Amino acid sequence: MSKYSLLFNQGTKDGTNASSGSEANSANITSSSAPASSTNTSSPTSSESAVVSPPASTSPRRRLIHRRHGSAGAAEVAPLSLPKRPQQPNEEKHENFISDSVHHCSNRGASGSELKALTTSGSETVMSASPDIAFEAPSPPTASASPPLESTSAVESDGDVVIDDMMRYQEGDSGGSRSATSAAAAGRAVSTNDAAALINGDPGPLSSAVSSSSSGSPHTPPRLFTCDMCLQYVSTSYEALEQHALDQHGDALADYTRLRSVAEKLVPVWDEVLKRKASVVQQWGKRIFAVAVQRDAGAEKMAEAHRARAQLELVVQRWHPRAKVFIFGSSVAFGVWDGISDIDFTVVDVDELEAGTWPPSEKNAVRSITELLRRAGFSFINLEPISHARVPIIKHHASLPIRLTDEQRHRLYEEARQSAAAVDLVAAESLASSSPSSAQETTDEKGLTQLEAELIIARSVRYSLNLPAGPPDSAILEASIRLAVGSAAVQQVWWNRTRDMCCMTFDTTTNAVKASTCPLHFMSAGMRARVQPLHEECRPELYGMDFDLSFRAFGIRNSHLLRRYLLSHPCARPGALVLKDWSKTSGVNNSVNGYLTSYAINIMWIYYLVHRGVIRYVCPARDIPASLRCNVDADPQYAAMVDPTWTPEERAAMEAQAGELLLGFFYYYAFEFDWVNHVVSLNRPGITTKASLGWDVEDVAQTGSPAPHFGVAGSQHQYNLAGAEGQQGDLHSGTSLSAPQTRPLTGYDGMMASSASAAARRSRATTRYSFCIEDPYEENLNLGRHMGVTKTLRVQTELYRGLLSLLKDDPQHCCVFAGSTNSSGSTDSNGAMASGAAEPAMVAARTPSEPTELPVRVLYKLMAISTRELAIARRRYSATVTAGTEFPGALLSDLEAAFLAQAPTEWKLARQVWNKHQLLHRLGLKLHAREYVLPRREVGVRRLAAKAPPGVVPASAPEPTFTAEEVAAAAAESGQAPFSAEHAPTSSEEVTQMNRAFLGAFPARRLPEDLMLAMTKGYSCLTPSWVAWSKPWAALSAWWTDRLHSPSTTTQGEDPLASGTCEQGGVSPSLPTGAPHHISAVPEKSAGAMHQTRTQLRRHVVAEIASTPAARRVLRLLFR
């Protein structure tokens, strides 16, 4: 039984009695209606015999639909009170209705078809009287494949009951239908065949979608329409429903009537308008191609998307080893990626897909892959698993970077160069000649916002251990990573001094993600590692982009179908980009609130181009292969938006055609397309009707939900349900739809409203066919299934608005290009860029005012200044205060003054994005007592003096901060000539000599402060060796490794892996025991390739560490 039968037969407990009563009624009506049609007279006596009383065993309740006197022309009726038990007077009302109606028609000379219609409507009323709630629901105009229209005058009656919408679907070219442009003139048509079928004993009119009588005549049930803002309102004609939406929900459709009346004046003179607006059309064509050029970020950005897909596939294969990740969506359909919009990924196992067993349990897959991504370092906040949607997906929202213009970026370059020159002239010269942060950038450099150090950091992974790792654990950990990614892929390995954190740098970001997801092994029981990228902003490509991950293959084939269409004409992709921006800014593209998606907008655009003959039709089933094994590439190929070989004449012709097509799109869907009877479909060439798809009757109620009520004229009940179809505001355009004005519901009405609201929230099974767009591959799927009358009228309003705006507004105020203007910046620069001849380099061109990502070195600069100020404040405090008191911190006012004095641009930009507390948190600081600033965690400052060997400083300190007396005293003790204060070391040998000369008699308590000062100098110069960590104290601890051993325990023949020494960063055996040691500023490489298995590696470790008695005790504990 369909939903429509449940709707009208709710409460029926004995279906046999109901059907028998219906058949008896139909039989008696057959005998009584024939004389009435032949003699044009009727009497109550003759019609009384046609009524059969319902069975006395089970008497269901009845509801009669009454209308007020004099309410001719109204299309909707409302419920009255429910009688306790159907009695004989109610049956007499049905008898009188038939006789009085026929008598009224005979008095005014009605035709036989009208009498048959009345007799048929009377039979419908009697047959539907047996269920619990009986409705008089005549059919509205239904879809037909033929354009002719047959209409008759509406039946008027003085009785209590009037049915003003009685139309039946008629097979063939003579069936009743109406077009979108002649809806007001469409009358009511009556099908003689359907009436005869009902007279001959056809079953109840609402029992099924398609039924036949005993004689084989076709029959279609009446079409019902519901409002999408008040789900309890039901109408039998779309005109009445549209008028209801305009009357009751006019606040949400304030501009519909005004814009439609103005736009309709263009219909008779449309060809003349196009001729007069030829210059305007050319102007919009230039603007369209300017938007297309701005969205094309080049082949390099598409390569980033390819690397992100490969990285995600490595994570997914930890869940399903044979699964592959494909890119679909706009990046495939358009062939470009702008680097900002989100990317759609889908996971498919090709073998299982061809076997028919894919996808697996999508909810479990969402949970499993989400857990794997979080283990790989993805944030819990940015990763959003959506497992209870119609299509379960995983959404990733990347953290928004700071936006910076080209002018501000070059200003930062200049200030960074000047500040580096103020610190050290030699360093400034090397920075200007070799550093990518200088203003004199090389011509082959593509990324202006990335330093060499940032690229190194993006390939680095941090492993934080819960316990300190001994030599066996560290060796096993490094070996497990090398076995997963390959020994040649590992470039550097760093361990901190406490052996609880390891950082590894790889050759590519893809290998870094692979190392983040590989299984880790340890020797000690209970040891675990938390894996995450080294830096919060410099990470592999997958971490820094928005993406959606699904598990269905429909999107792959859909995207390649759109790609085939859009790449077939040069104007197709630019126009689709403009319409996508318009749909988002106008609110038409808002699937969260039940509107359309970008996919639906693209289908509308392609359907229009095919209908106009601009592009050829492509069969979705025949021309696009279904198999993904050899026909689809996981990485979409890049295709430039603008052909660089165009001549100025060819470009002008394309611009004129693009402007005309964009203007015609709005006119076509505003006036030419028949939304009442036709469907936007690419499944077949030509026109597709709603009747051919079975979409001419909509699902109006869910199973178990209350029966919808008809409205009483003058007091219509409005139930504002905040369910799936509720209006919750427009997220894209920034405006919200006002809720309909409703009165508070109490008693029975309030109970019905709350229960209906709960049912609407529980189920989204309501499918509407007011706005029909057929999906090319998913069967019986309407992409506009959530759009009712109110949302349809809103979309039509935006079509009218866009059409009028293109004809009368200037480029700065046109609503169609509102989204493109906000994203592309200056209109003049875009127009100038689009007007010239196309060049290959213009595809990736950017306007000066276009925002780009803020370089990470801006935070490094503020971090360096804050660290220096903290060190200076600590030194001042220790010089004035006695020992034993705790350092309170640096004054916040002093820190802000230092920011304004040394980095005003960075400070201003950072404060535009974060407040004071957020910025301090990003810098690794905390506010103490509302006026002092301290590090959140001082790693390596208090423990450094106790555990670090005395006299060891990092090699990157360009100029140790010692007084002249200290320098002279150290030089005199060592017997060497003192170095000049202006001379900075340029090699490791010079730093080693400086360490020997200066640090012989230097007190150990001054070591941490001087190390911090020396480290911040490296940060200010922005050298790659100093930006390996996001926090200065973490960077300090990175080079204090415990791999140093005394010369007595280290020999030249020992394996570096076993002893922990390194040729670059180890201790030179030639140095005396008390001489200061040198640690290289460049993180040391892990020596030795590890291709052995775990058993071989264990034997190797055993052989190396068994040389001392202490190591033997460790081995007995490990292998007991």
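Glycine is treated like the rest: Cβ placed from N, Cα and C.
What you are looking at is a predicted structure, and each value in this text was computed from that prediction instead of being measured.
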Of 703-712, 773-782, 843-852, the range Swiss-Prot labels motif 'Nucleotide recognition motif (NRM)':
773-782
Which is it, of 170-195, 196-221, 716-741, that Swiss-Prot names as region 'Disordered'?
196-221
Could you tell me which of the ranges 222-253, 510-541, 1086-1117 is annotated in Swiss-Prot as zinc finger?
222-253
Among S330, S361, which residue does Swiss-Prot annotate as binding UTP at the site that also has S341, D342, I343, D344, G555, I556, R557, N558, S559, K580, K584, S598, Y599?
S330
With DSSP, how much of the domain 'PAP-associated' (659-697) is helix, how much strand and how much coil, in residues?
18 helix, 5 strand, 16 coil
Cβ neighbours within the same chain of I556 (UTP binding site) - under 8 Å, at least six residues apart:
F326, F328, T346, V348, L628, V632
Cα within 10 Å of C227 (Zn(2+) binding site): which of the binding-site residues S330, D344, R390 qualify?
none
Around S330 (UTP binding site), how many other C-beta atoms are within 10 angstroms of its C-beta?
25
In the structure shown, which of the binding-site residues D342, D548 has the fewest Cβ neighbours within 10 Å?
D342
Just give me the nearest neighbour of D342 (UTP binding site) among the binding-site residues C230, H244, H249, R390, D548, Cα to Cα.
D548
Can you name the binding-site residues among C230, H244, S330, D344, K580, S598 whose CA is within 10 A of the CA of D548 (Mg(2+) binding site)?
D344
Let me know how many other Cβ atoms fall within 10 Å of the Cβ of R390 (RNA binding site).
6
If we count other C-beta atoms within 10 Å, could you say which of the binding-site residues N558, S598 has the fewest?
S598
How many Å separate the Cα atoms of R390 (RNA binding site) and D344 (UTP binding site)?
16
